[in-house]
Amino acid sequence: MSDTLAPTAVDRTAHLYEKVRHVIPEVEWATYADDAEAILRLKQQRNAVVLAHNYQTPEIFHCVSDVVGDSLALAREAQQVDADVIVLAGVHFMAETAKLLNPTKTVLIPDPLAGCSLAESITAADVCSLRAAHPGVPVVTYVNTSADVKAESDICCTSGNAVKVIESLGVDRVIMIPDEFLAQNIARQTGVEVITWPGRCEVHERFTAQDIERIRADHPETVVLAHPECPPEVVAAADLAGSTAQMLDFVVQRRPRQVTLITECSMSDNIAAQHPEIDFVRPCNLCPHMKRNSLAKIRHSLESMTHEVTIDPAVADRARAAVDRMLSV
Ligand code: 13P
Ligand code: SF4
């Protein structure tokens, strides 16, 4: 920078770029700097915080977020937020969960179309039909669902606590909705009989056991971690299965020389930003819903105070009860 020129947004955000320089080329940062700086300013003006899921891209995850984590961590943290405004950089069910747990706050989602194939696979009426078909069997509902569906459920779970939640019920049969692969993977771990629903994550269902075979053939030393939304044969072929936070903890604590994360693409990028010494094999699939978010949309969300997430009060209390039961396990 010359002495005579005023500092640019790129100069003023050099400390932010430092956090992502291993995964974002310097030329690309020029396209983010202005929005990143504006978001930091707007967060102060609005008394807002940004909560971001582990699948957000590195410039969101590392540079403008106050809290990052898996679905479980985001739910727990949303409950603690003191700020007036929560911007949820994730998908719609996550913003709804934040609103359920902290109803007096304004919860914004940068793109209201950020959905989820699991949440879209089931309705409240479907849950009522399942209950009628299996009277007395408790309904355990993955958080990747609408508030309407949660309201018809006994208890929620995430991929990080599903085993604990199911074991806490002390029953031999549960209805576990809507992810059939998660349900099958958890059934294997718990020995509890699980009645499933044919919902799938469109990102994780695409991985195959052959993908892992090929990766192991090309990278014999690699440690393979898979998300439990993957098909059971993929989980069986992996070294370990866990939520996105459990994958991150494993990698950060064990520091394998090389690792393969069978999950959404940004997971590897976000860990690599802080651990350039770890080599990531990247057979990732992109989540089109998570990728609807961007710095520009987060900025717009804070400027215009859109898109506000609201929940029908008739539904909210019952949905909150199912999430609260999960959090108390
Ligand atoms: P977790 O972050 O809870 O593992 O969930 C992954 C996911 O697909 C969220 O949409
Ligand atoms: Fe839904 Fe799968 Fe995307 Fe997560 S990764 S938001 S489960 S479609």
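For all residues, glycine too, the Cβ spot is worked out from N, Cα and C.
TrEMBL names Cys201, Cys287 for binding [4Fe-4S] cluster. Of Cys116, Cys128, the residue it gives for the same site is Cys116. Same-site candidate for iminosuccinate binding, as annotated by TrEMBL with His53, Ser71, Tyr142, Val143, Asn144, His227, Pro228, Glu229, Thr244, chosen from Ser121, Ser129, Ser159, Ser266: Ser159. Tyr142 (iminosuccinate binding site) carries a strand DSSP state (E or B). Of all the binding-site residues listed here (His53, His227), it is His53 whose C-beta has the fewest other C-beta atoms within 10 angstroms. The binding-site residues listed here (His53, Tyr142, Glu229) include Glu229 as those with a Cα within 10 A of the Cα of Cys201 ([4Fe-4S] cluster binding site). Sequence-distant neighbours of Cys287 ([4Fe-4S] cluster binding site) (same chain, six or more apart, CB under 8 Å from its CB) are Tyr55, Glu202, Val203, Glu264, listed in sequence order. Sequence-distant neighbours of Cys116 ([4Fe-4S] cluster binding site) (same chain, six or more apart, CB under 8 Å from its CB) are Val91, His92, Phe93, Asn144, Cys201, His289, listed in sequence order. Taking a Cβ cut-off of under 6 Å from any atom of ligand 2, none of the binding-site residues His53, Tyr142, His227 qualifies.
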